[in-house]
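Worksheet for the structure shown next.
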Amino acid sequence: MTTPFSSHGLLLLVGLCCLLLITKTKHEKLYEDPSIDPFQCRKVALTICNVSITLFKKMAQLSGNGNILFSPIRVIAAISMLSLGSNGNLSKHILETLRFNKTGLPEAEIHKCFWYLLHSIHQTEETSSLQTGSSVFIHQDLTSVDKFVKGVKELYHSDMISINFTDSSQAKTQINNYVMEISQKAIVNIVKNLESDTFLAVVNYIIWNAKLDSNFGCRSVKVKDYHLGYGMTIKVPMIHNMAMHYLFRVGDLSSTVLMLTLLTGNFATYFIIPDPGKMQKVEQSLTYPHFRRMRRQLLTRLVDLEIPELSLSETHDLESMMSLLGITYVFNSGTNSSDMNDTLQKSFKVVSKAVLTIDEKGSKPSTNSCFKKLGSTDMGRMQLNRPFLIFIQDHTNDVPLFLGRVVNPQN
C-alpha cells in the first residue's frame with residue numbers, strides 16, 4: 001500500500017530543497033547574516049523618518065501652495081549611497097548630516113541596514129502593487145572605484161551600468177531607455193538634462209498603485225467638488241467607501257487623522273486633514289513622534305469616507321535636497337583625497353521619482369442599499385475634499401515610503 005506522501009515524493013522534496021540551497025543568492029545569504037540586527041535597523045528607519053520630516057518642512061516653505069511628494073527611503077538611500085565613494089571626512093559629513101551617527105551604529109552596519117530595509121520592501125512587491133528600483137550609471141573610463149561599485153550592488157539593491165558620458169545627450173537617452181525598460185514603461189524620461197562633464201548618475205524610483213477595499217463591499221465612485229483653496233474648486237472622482245478605518249483627532253496639530261489599512265500592501269497610510277486655514281501651522285509643527293503617538297492611540301471604527309482618487313507624480317534632483325539638509329559638498333577635489341574622490345572630480349546627477357495612485361478596488365459599484373443599511377449605524381464621517389498631508393510607511397520595519405502634501409489630487 002502506498003502512503004499519501006511516497007518515498008519518491010520525499011526524494012523530490014529533498015532534491016528541491018538542495019537546489020534551493022545551492023541557488024541562494026548573495027542577497028538571500030546577507031538577509032540571514034547574523035550581524036544584521038533588525039532591532040538596530042529599525043533605528044535607521046526611525047532616523048530616516050525624522051530626517052525626511054525635517055526635509056519636508058523645508059520643501060514646504062519653498063514650494064508655495066503646490067503638491068509635494070517624495071519617497072524618504074529612496075531619497076535618503078541615494079544620498080547615503082554616495083558616502084560609499086567618499087573618504088572618511090566626507091563620508092562622516094554625509095552620515096552625520098543624515099543623523100545616522102545618533103543611532104550608535106558603525107558605518108558598515110548602517111549600510112547593511114539599508115540593504116535590510118530595502119530588501120524588506122522588495123519582498124512586498126508581488127503582493128502590494130509596489131514597484132521600486134535603483135540604477136547607478138558610471139563613466140566607463142573610471143578606475144579605482146571598486147569599493148563604491150561593490151557597495152552599490154550588494155548593499156543598495158542597485159544595478160550598476162557602465163556607459164560613455166562623453167556624449168551627454170546620448171548618455172541621457174541611454175539612461176532613460178534603461179529605466180523605462182526596467183520599470184516596464186512606467187517611468188519615462190526621468191532624466192531631463194545632463195551636464196557635459198557628468199561622470200555619474202544615480203536614478204531611483206518608487207511606484208505604488210494602491211486599491212481601496214471595503215470590509216463590507218460598500219464602495220462607489222462619483223465626481224464631486226474638491227476645494228483647492230483661495231476660492232478655487234475642481235471636479236474630481238471621489239471614492240465613497242464605508243469600512244472599518246482608524247479616525248481620530250490630534251488636537252496639537254489642529255487636524256483630523258485618518259489611517260487606512262485596507263489598501264493593497266502591508267502599509268499604514270496616514271491622511272492628515274488640517275482644520276481650514278491651518279495647513280502651514282500643521283506642516284511646521286509636525287514631527288515623527290506625532291505618528292508614533294497616533295499608532296498607540298489607534299481605535300478602529302466604522303467610517304463613512306469620501307476620499308479623492310489620487311494620481312500623483314514628482315521627480316526630484318537630489319542636489320537641491322542635499323543642500324536643504326546641509327550636505328554642502330560632495331566629491332569636491334579640494335576637500336578629499338581618497339581614490340574615489342581623486343577619480344570623481346566632475347559633475348554628478350542624482351534623481352528620485354515617486355509615483356502614487358489610489359483608486360477604488362474592483363469595477364462593480366455597490367448598490368445604494370448597502371450604504372443605507374450601514375448608514376443607519378453609529379459611525380464616523382470624513383470627507384477629504386480639501387488639501388491634506390499624506391505619510392505612508394510599511395508595518396514591518398516602519399520604513400517611510402511616501403511623504404507629501406496633496407493640494408490637487410489629480411496633478
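Placement of Cβ uses the backbone N, Cα and C atoms for every residue, glycine included.
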Candidate annotated in Swiss-Prot as N-linked glycosylation site, out of ASN101, ASN341: ASN101
Residue, out of the glycosylation sites ASN50, ASN89, ASN101, ASN164, whose Cβ gathers the largest set of other Cβ atoms within 10 Å: ASN50
ASN50 (N-linked glycosylation site) - helix vs strand vs coil (DSSP): helix
